[in-house]
Amino acid sequence: MTNALLEELSWRGLIYQQTDEEGIEALLNKEKVKLYCGADPTADSLHIGHLLPYLTLRRFQDAGHRPIVLVGGATGMVGDPSGKSEERLLQTEEQVERNVQGIKKQMEQLFDFNTENGPILVNNKDWLGQISLLTFLRDYGKHVGVNYMLAKDSIQSRLERGISYTEFTYTILQAIDFGHLNREYDCRIQIGGSDQWGNITSGIELMRRMFGVNDVYGLTIPLVTKADGKKFGKSESGTVWLDKEKTSPYEFYQFWINTTDEDVIKFLKYFTFLSQDEIADLEVSVQTEPHLRKAQTTLAESVTRFIHGEDALEEAKRISQALF
């Protein structure tokens, strides 16, 4: 038995790894579930590199499931080694709290809060902040093998350069998060970027060992790459933020309109909610009339409207027409 949502995600190229493909499919066919995605507040705004996991979570919401959005008020004070070659600089508690508030506000742009399955917003400081060192070592650390942790890519890649005990324990904190959300909200699936695979599987393993829970799953989303090999999410002037004070809607719009023909169809699948037929028509346009840049215009309009609203989109288009 197939699942329409998973088929849609697969067509869009949004599924990178699943901990149990058949288990996830059976679960989604059986019931509406709660699932979560988290981000550490490393800045007071998300940037477009954060978008894909949250847009995928939004697709689950649109299909009737209920998202849990976690902001890492505690884990943000520790620092995730995944995908990083160097130790992160520790932020002050005040910085982290300011960032938490900024990111919470942005969730209103990404999700529909006015429905029965509106997102549950949580901050892991509320539970991780209550765990004493002795509780951490006895109740959680006892269930996590060092060999198991050393085998994780996020740890392996850092061993030669060096990794602090602080960052080494990060994966256990994220594992505790998944367990907490499972017990408190019956959260069954965690979604994250492909660099989060090690952290997600740690959570599943910890739940199995501590509570005998087996019906929880993980799903990762591919890293967004560009055909020219350059890093996605950066423009000539730097990071493209969701906060209009950091990146104006005009600059945001321009980032998407400058997408190459090689990338535009992939990005339409990733970042818009257009149907398969609409995207197929735009693919024909790229092949037969690339000079019209219909696909790029549609991409820029769709994403700018979704993040900043209709008025900001119209203003961005007005400025673009005046300048070009």
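Residue 1 is the first one shown; counting continues down the chain.
Every residue, even glycine, has its Cβ placed from backbone N, Cα and C.
Bear in mind that TrEMBL entries carry predicted annotations, made automatically and left uncurated.
Listed in TrEMBL for this protein:
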type    : residues              : note
BINDING : TYR36, TYR170, GLN174 : L-tyrosine binding site
MOTIF   : 41-50                 : motif ''HIGH' region'
MOTIF   : 231-235               : motif ''KMSKS' region'
BINDING : LYS234                : ATP binding site
In the same chain, which residue numbers or ranges, 6 or more beyond the ends of the motif ''KMSKS' region' (231-235), come under 8 angstroms Cβ to Cβ?
-> 47-49, 224-225, 251, 254-255, 258
DSSP, reduced to three states, assigns LYS234 (ATP binding site) to strand
If you run the three-state DSSP split on TYR170 (L-tyrosine binding site), which class comes out?
-> helix
Using DSSP, break the motif ''HIGH' region' (41-50) down into helix, strand and coil residues and give each count.
-> 3 helix, 1 strand, 6 coil
In Å, how long is the longest CA to CA span across TYR36, TYR170, GLN174, which the record gives as the L-tyrosine binders?
-> 18
From the Cα of LYS234 (ATP binding site) across to the Cα of TYR36 (L-tyrosine binding site), what is the distance in angstrom?
-> 26
Inter-residue Cα distance where the pair is the residue listed as 'ATP binding site' and TYR170 (L-tyrosine binding site), in Å = 27
Check the binding-site residues TYR170, LYS234 for other C-beta atoms within 10 angstroms of each C-beta and report the one with the most.
-> TYR170
Go through TYR36, GLN174, our binding-site residues, and report the one whose Cβ sees the most other Cβ atoms within 10 Å.
-> GLN174
